[in-house]
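Here is what Swiss-Prot records for this protein:
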- 7-175: domain 'Era-type G' (DOMAIN)
- 15-22: region 'G1' (REGION)
- 15-22, 62-66, 124-127: GTP binding site (BINDING)
- 41-45: region 'G2' (REGION)
- 62-65: region 'G3' (REGION)
- 206-283: domain 'KH type-2' (DOMAIN)
Amino acid sequence: MSTDKTYCGFIAIVGRPNVGKSTLLNKLLGQKISITSRKAQTTRHRIVGIHTEGPYQAIYVDTPGLHMEEKRAINRLMNKAASSSIGDVELVIFVVEGTRWTPDDEMVLNKLRDGKAPVILAVNKVDNVQEKADLLPHLQFLASQMNFLDIVPISAETGMNVDTIAGIVRKHLPEAIHHFPEDYITDRSQRFMASEIIREKLMRFLGAELPYSVTVEIERFVTNERGGYDINGLILVEREGQKKMVIGNKGAKIKTIGIEARKDMQEMFEAPVHLELWVKVKSGWADDERALRSLGYVDDL
């Protein structure tokens, strides 16, 4: 029996919405697990990404963006999920954006100050900062806010300095047995990943027109006799007008969403996928905590 040491621990990725947390997670894992889109609040579940390299296993908790407005039930639940995932981790990666600093960033920072885990500050999108002269004073300002373990300017999009963060993560993993087999990338079910892929395509192809009042339920996920999967996805929106928007002119929009989602699913599941999508109006779901629970939004709070 091997007596080699192994290291394993949990790392939370936190930050306000839209700073690049999911893109960073995907880069750290080397593949697409967390949904990335230009819209704030696209990550709604604490997706766990697992990266195993030799004796090291890093388990990433990708939090929903912590944000100040807690009006709707879905936002309250998302903030609760984000706060609870900061609790029991070895290390926190706090992602901020370039030279921007907002009250939401301040709120996340205040939550981190109360925590016990060391915090790496990842200053993302530094390649997009127009005024490079502003960067150094801003980094000095950030350094004065809290005793960070390290401050790393990164570009999650291009991968710049992401390996630096991965190296710091490895150093902070405690000696422990691995929680997951080495080929695991996420502990979420394929059914969950299928719904995330569809939701990402909705965000991508409907852009700013589509509010957050859209969710996806996988009604059927079965293996077929061809060794692939038959998947039926139900897209829930709040109003009839949104339903028309999702379907598009003569069904063109939903067809594109279906084709693109199927491609990603086939790549992720490494098997042929037959995907069918429907759109249904379910008004007010974002304000109904019971409905959110039935859609799996509260399974990990």
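Residue 1 is the first one shown; counting continues down the chain.
Heads up, the Cβ atoms here are built off N, Cα and C, so glycines get one too.
In the three-state DSSP reading, Lys21 (GTP binding site) counts as helix. Least crowded of the binding-site residues (Asn18, Lys21, Val126), judged by neighbouring Cβ atoms within 10 Å of its own Cβ: Asn18.
Note on the domain 'KH type-2' (206-283): DSSP counts are 33 helix, 28 strand, 17 coil.
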